[in-house]
Every structure is written in structure tokens, then in C-alpha cells.
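**Student:** Got a structure for you, questions after.
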Amino acid sequence: MATAPKEAENAIGLEEIPMERQEPPKGQKTFTVEEAVETIGFGRFHIMLFLIMGSTGVAEAMEIMLIAVVSPLIRCEWQLQDWQVALVTTMVFFGYMVFSIVLGLLADRYGRWKILLLSFLWASYFSLLTSFAPSYIWFVFLRAMVGGGVSGHAQGLIIKTEFLPTKYRGYMLPLSQVFWLAGSLLIIGLASVVNPTIGWRWLIRIASIPGILLILVFKFIPESARYNVSTGNMAAALVTLQKIAKMNRAAMPEGVLREPAKERRGRFKDLIHPRYLRTTLQIWIIWLGIAFAYYGVILASAELLERDLVCGSAAPSVQDPGDDSEEHHSPCHCHLFGPVAYQTMIISTAGEIALNPLNILGINVLGRRLSLCITMGCTALFFLLLNICTSSTGMTGFLFMLRALVSANFNTIYIYTAEVYPTTMRALGMGTSGSLCRVGAMVAPFISQVLMSASFLGALCLFSSVCIVCAISAFTLPIETKGRALQ
């Protein structure tokens with residue numbers, strides 16, 4: 001068998017993948033996209049990219065967090081039981097899971113930019129339709145469709161990753177969490193004003209505005225040069241790199257852009273090839289566990305506030321004084337959030353950026369694996385601390401730290417997954433990981449909103465156990481991507 005070209009060594013390395021290569025004229029200088037990205041360096045283009053692609057996190061956070069602030073109102077309007085409220089969130093992530101795989105495959109075949117645009121159009125359309133839902137069944141179906149559209153927003157992260165120089169990825173990607181935090185705080189703030197006045201339907205309509213506005217600015221972001229090269233579209237890749245160099249006021253490398261070995265586009269069986277099988281399985285476990293913990297914290301926070309639980313039993317109400325209506329004591333737990341509840345949600349949500357500096361330091365000094373192992377272990381500990389009998393202030397403090405830790409977990413695994421796979425299967429790797437992530441998110445509502453009512457300690461121990469498994473899996477990952485160039 002002929003020896004594969006040297007440039008193919010960083011690719012997936014499957015014998016059955018046909019390799020072709022066009023050699024440049026002898027003695028002519030050449031460069032790869034990776035070398036061009038490193039030579040051009042960080043500049044104005046990357047700041048624009050960070051602001052636009054980062055803002056996709058605002059729209060995504062508002063759509064995902066919407067259920068937490070709307071649940072008490074739809075519970076009251078349609079007299080829903082615990083499992084019915086939990087099913088809404090589960091179906092959102094079911095839509096996310098199914099479409100995440102499909103859109104990941106399409107992005108590897110047709111481009112990241114096109115799929116990102118399609119996903120925003122899709123999510124905005126169905127989000128607006130949700131505000132007109134005439135019944136609970138329609139609400140569940142339409143929110144599942146929104147989840148499907150939101151799953152494509154991950155392509156924004158991939159585009160950012162593929163344009164960033166190696167030494168900046170560990171710093172810039174965690175900072176994107178600021179946008180998710182902004183979206184979460186914005187939807188909570190809007191809910192505190194809109195829900196008591198004009199209702200949850202108008203809240204959904206207002207929440208769809210950021211996504212619609214972002215569609216208008218996508219034209220300023222080019223398709224990934226790495227993707228263009230991987231499909232043989234050298235001219236488009238070169239034009240993109242030249243524009244970036246011009247914006248950054250930097251010089252392009254000398255020579256001509258070299259065309260790498262051509263490979264088949266990303267396929268599912270590539271992810272489970274012996275070279276990546278262990279990495280893929282452990283990444284899937286971690287994604288599932290992180291999402292289970294992250295959305296478990298969010299929904300548990302809402303349940304604790306809605307049911308006024310401190311120390312696992314009834315406690316002084318966070319409801320507004322004087323709210324002693326029959327609806328407040330209904331068997332369907334029709335408890336609407338008051339100002340104090342919204343304030344607590346804002347404080348705990350702000351925790352998502354509290355550990356960002358330490359998270360960035362850990363990622364770049366300790367590496368991706370050890371950093372993730374430490375934050376997952378701490379997450380397990382703070383889940384157990386929630387069972388300590390404390391005041392509402394103490395409970396808010398524990399929730400604050402939990403949100404900080406689960407956010408750090410997401411930052412690290414996003415970076416690691418985007419770095420560990422080669423370009424031909426990066427979007428597919430992110431898509432399948434995102435799907436497993438949503439399996440964890442689908443289960444979380446039934447633990448936070450159903451099991452927690454029956455056994456508070458049992459629910460916390462389950463969350464903690466999953467985090468410990470993820471910590472072990474992170475520590476034993478076979479590949480460390482710190483300082484490694486994208487393949």
C-alpha cells in the first residue's frame with residue numbers, strides 16, 4: 001500500500017479514505033490555512049467575529065432560559081402537573097438532539113455559514129409561532145421546533161474556532177460565556193417586567209428579536225477558510241484570508257495556498273474509528289453529564305424559588321406580601337415568581353462569569369483535561385452542599401457557585417471538542433456531542449422538577465454522582481489539546 005502523504009497524518013488516517021494531492025511546482029513556496037491564520041494573527045477581524053458570533057449566545061440563552069421563567073405561568077394557565085412542566089423542557093432538548101446531528105452533517109458537507117443562517121431563520125420563525133400556541137400540546141411541539149433551530153447555533157463557535165490563532169483560543173472562547181450570561185440575565189430581567197404586565201406570550205415575541213437582528217449582520221462573516229480548503233475551494237479560502245489580513249493590517253505568508261489531501265467529508269463511522277473511539281466515547285459521557293448538571297441547576301433553582309423550598313421543606317415565601325390567593329395554594333403549585341425570586345435568579349445566574357478568569361487560567365496553564373476534572377469535582381461537591389440546612393441567602397450562595405462551576409465545565413469541553421477533531425469531522429463531532437448533551441438536558445427536568453419533589457437528597461446525590469463520573473472521564477482523556485494546532 002502506498003504511504004499516505006505527510007499532510008494527511010493529522011487527519012483521521014483511515015485506510016479506506018482515498019487520498020489525492022496536487023503537488024506545487026518544485027521549489028515554490030507554499031503555506032497552509034493554519035500557517036496563514038497564525039501569520040495574520042489576532043486583530044480587528046477577530047474582534048468583529050467575536051462580537052457577532054459571540055452574540056449568537058445571547059439569542060440561544062434567551063430561547064433556552066425562556067422555559068425556566070415561563071413555566072410557572074403556563075403551569076397556571078393550563079393547570080399542568082409536574083411531569084407536564086418537565087416535558088416541555090425535555091421536548092425542547094429532544095428537538096435540539098435530533099437536529100444537532102443532522103445540522104452537523106450538513107455543515108460538514110455544505111458549510112458552517114449556511115447552516116448557521118438556516119438555524120437562526122428556523123428558530124426565530126418557530127419561536128414567534130410559539131407565542132400564539134392555543135394549547136399545551138401546540139406549545140410543546142413548537143418549542144421542540146425552536147430547540148431544533150437553536151442546535152445549529154453551535155456552528156458560530158466552530159467558525160470562531162477555525163479562524164482564531166492557536167494561542168488565543170484558550171482565552172477568547174471562554175470569554176464567549178459573557179454573551180450567554182447577557183442573554184440569561186436579559187430574559188430574566190424582561191420576565192420580571194413583561195410577565196406580570198402583558199404576559200408570557202409577549203415575552204416570547206420580545207425574546208425572538210435578538211435572533212432576528214443577528215441574521216442581518218451575518219453577511220459580514222465569511223465562510224470558514226478551513227472548510228473551503230477542505231472541500232477544494234482554494235480560491236474562496238484565499239480571498240477570505242486576504243480580506244482578514246487586510247482588516248488586521250497584517251501580511252499574508254509568502255507563496256501560494258497549498259491544497260491538502262482531499263478526503264471524504266465527515267462520517268459518523270469516522271468518530272468511532274479506533275484512533276478516536278476512546279476519545280469520542282469519553283467526550284460523549286462528559287457532554288451528557290455536564291448538560292445534565294447545568295440544566296439541572298437552572299431548573300432546580302426555578303423549582304426552589306417557585307415552591308419556596310429551603311432545607312427541603314416549606315420556608316418563608318419569596319412571594320410578594322399579600323399574595324394569598326386560592327391560585328397560590330392550588331394542587332398544581334401555581335406559584336408565580338415575585339420580585340425577590342427574580343432577584344435571586346439574577347444573582348445566581350451572574351455566577352456564570354464569576355470563575356471565568358480562573359477557568360481561563362486553568363485551561364491555559366493546567367490544560368483542558370485537568371482543568372475540567374477539577375471543576376467537575378467541585379460541581380459534585382456543591383450539589384451535595386445544597387442539602388445543608390441554610391438560609392435563603394446561603395442557598396443563593398450555593399446556587400451562585402454551582403452556576404459558576406457548570407459554566408466553567410461547558411467552556412472547557414466546548415474548546416476541547418472543537419480542538420480534538422480534524423476539520424473534516426469537526427462539525428460532526430460537535431453535532432453528535434451536542435446531541436448527547438441534550439440527552440442529559442432531557443433527563444434533567446424530571447430530576448429537578450419531579451424527583452426533587454419526592455426526594456430532595458436523592459436528586460442531589462444523583463447529580464453529584466454523574467459529575468464524579470465526568471471528572472474521572474475528563475482526567476483519563478487520551479489526548480491533551482493545549483497548545484496544539486487545529487488539524
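Cβ atoms are placed via backbone N, Cα and C, with glycine included.
Remember, TrEMBL labels are computer predictions, not curated facts.
Just lifted these from TrEMBL, have a look:
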REGION    1-28  region 'Disordered'
TRANSMEM  47-71  transmembrane segment
DOMAIN    49-482  domain 'Major facilitator superfamily (MFS) profile'
TRANSMEM  83-106  transmembrane segment
TRANSMEM  171-194  transmembrane segment
TRANSMEM  281-300  transmembrane segment
TRANSMEM  340-358  transmembrane segment
TRANSMEM  454-477  transmembrane segment
**Student:** Mind checking which residues reach the transmembrane segment (47-71)? Cβ under 8 Å, same chain, six or more beyond either end.
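**Tutor:** Beyond its ends, the transmembrane segment (47-71) has Cβ neighbours at 85, 88-89, 92, 116, 120, 123, 127, 143, 146, 150, 153, 156-157, 159-160, 163, 172, 175-184, 186-188, 191, 195, 200, 203-204, 207-208, 210-211, 214, 217-218, 220-221, 247, 298-299, 301-302, 306, 337, 345.
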**Student:** Any residues 6+ beyond the ends of the transmembrane segment (454-477) with a Cβ under 8 Å from its own?
**Tutor:** 279, 282-283, 285-286, 289-290, 292-293, 296, 300, 309, 312, 368-370, 372-374, 376-377, 379-381, 383-384, 386-387, 409, 416, 440, 447-448
**Student:** Counting only residues 6+ away from its ends, which parts of the chain sit with a Cβ under 8 Å from the transmembrane segment (171-194)?
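**Tutor:** Same-chain contacts beyond the ends: 46, 50, 53-62, 65-66, 69-70, 157, 160-161, 164, 200, 202-203, 206-207, 210, 337, 339, 342, 345-346, 349-350, 352-353, 356, 359-360, 363-364, 407, 410-412, 414-415, 418.
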**Student:** Are there residues at least 6 beyond the ends of the transmembrane segment (281-300) whose Cβ is under 8 Å from a Cβ of it, and what are they?
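**Tutor:** Same-chain contacts beyond the flanks: 65, 68, 89, 93, 372, 376, 379, 383, 386, 399, 402-403, 406-407, 409-410, 413, 416-417, 420, 429, 432-434, 436-441, 443-445, 447-449, 452, 459, 463, 466-467, 469-470, 473-474, 476-478.
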**Student:** Looking only at the domain 'Major facilitator superfamily (MFS) profile' (49-482), what is the model's average confidence as pLDDT?
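**Tutor:** Across the domain 'Major facilitator superfamily (MFS) profile' (49-482), the average pLDDT comes out at 82.
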